[in-house]
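Peer 1: Below is a structure I'd like to ask you about.
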Amino acid sequence: MKVGVLALQGDVEEHLEAFRRAAAELNISAEAVRVKRADQLDGLSALAIPGGESTTIGKLAQRLGILDRLRTVVESGVPTLATCAGAVLLAKEVRDSVVGPTGQPLLAVLNAAVVRNAYGRQRDSFEANVDVEGIGTVRAVFIRAPIFAKTWPPARAIAHVDHPRAGRAIVAVRQDHVLATAFHPELTTTAFHKAVLEMAAGRL
């Protein structure tokens, strides 16, 4: 199978490597490729949308003519992992913890409301062990992370974190074939990439 990583910004190399390691661990034959153009989305069995800065990613995708095609691919049922700013890009409702509504380009395919920069600035980044439904306990790295303020069906919360500033917050969501995280699993684990590959292989 061929799996793609949106390569406009963020931890592209880390996602590619996580897919390669996940495939090896599952004994699945998979080619991990960078996606920068709409035509490179054709024939993908799975997709990852990395973090970075969600407004920049959305505007770049729009300028490159890839935003609408991305939406179509995700809506068509291609198993998708979206991390941090990638999760923001997927959400139907987005606001910033400081400036409020953002008006940024969105895919708007995930039934979730997201608050950007919910934990503060870069210096407020942190790590925590997180129990994720269906995946297990993972070490999660939160870098200028968002939170999911709410979800509605068919999306559901699959992980929470208790934080002194943000309180008890949803930090991972699943909606059918989509996994979205507020943190960066590509930095610490292959668990989420394995889950997406297993969806693509019809195992999960």
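Glycine is no exception: its Cβ is also placed from the backbone N, Cα and C atoms.
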Peer 1: In Swiss-Prot, GLY52, GLU53, SER54, ILE143, ARG144 are given as binding L-glutamine, so which of ARG21, ARG116, ARG174 is in that site too?
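Peer 2: Of the residues offered, the record points to ARG116.
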Peer 1: So among CYS84, HIS184, GLU186, all listed as active-site residues, which is physically nearest to SER54 (L-glutamine binding site)? Use the C-alpha atoms.
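Peer 2: Of all the candidates listed, CYS84 is nearest in space.
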Peer 1: Which active-site residues are spatial neighbours of GLU53 (L-glutamine binding site) here, meaning Cα within 10 Å, out of CYS84, HIS184, GLU186?
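Peer 2: Checking each Cα against GLU53 (L-glutamine binding site), the hits are CYS84.
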Peer 1: Provide, as an integer number of angstrom, the distance between the C-alpha atoms of GLU186 (active site, charge relay system) and CYS84 (active site, nucleophile).
Peer 2: 11
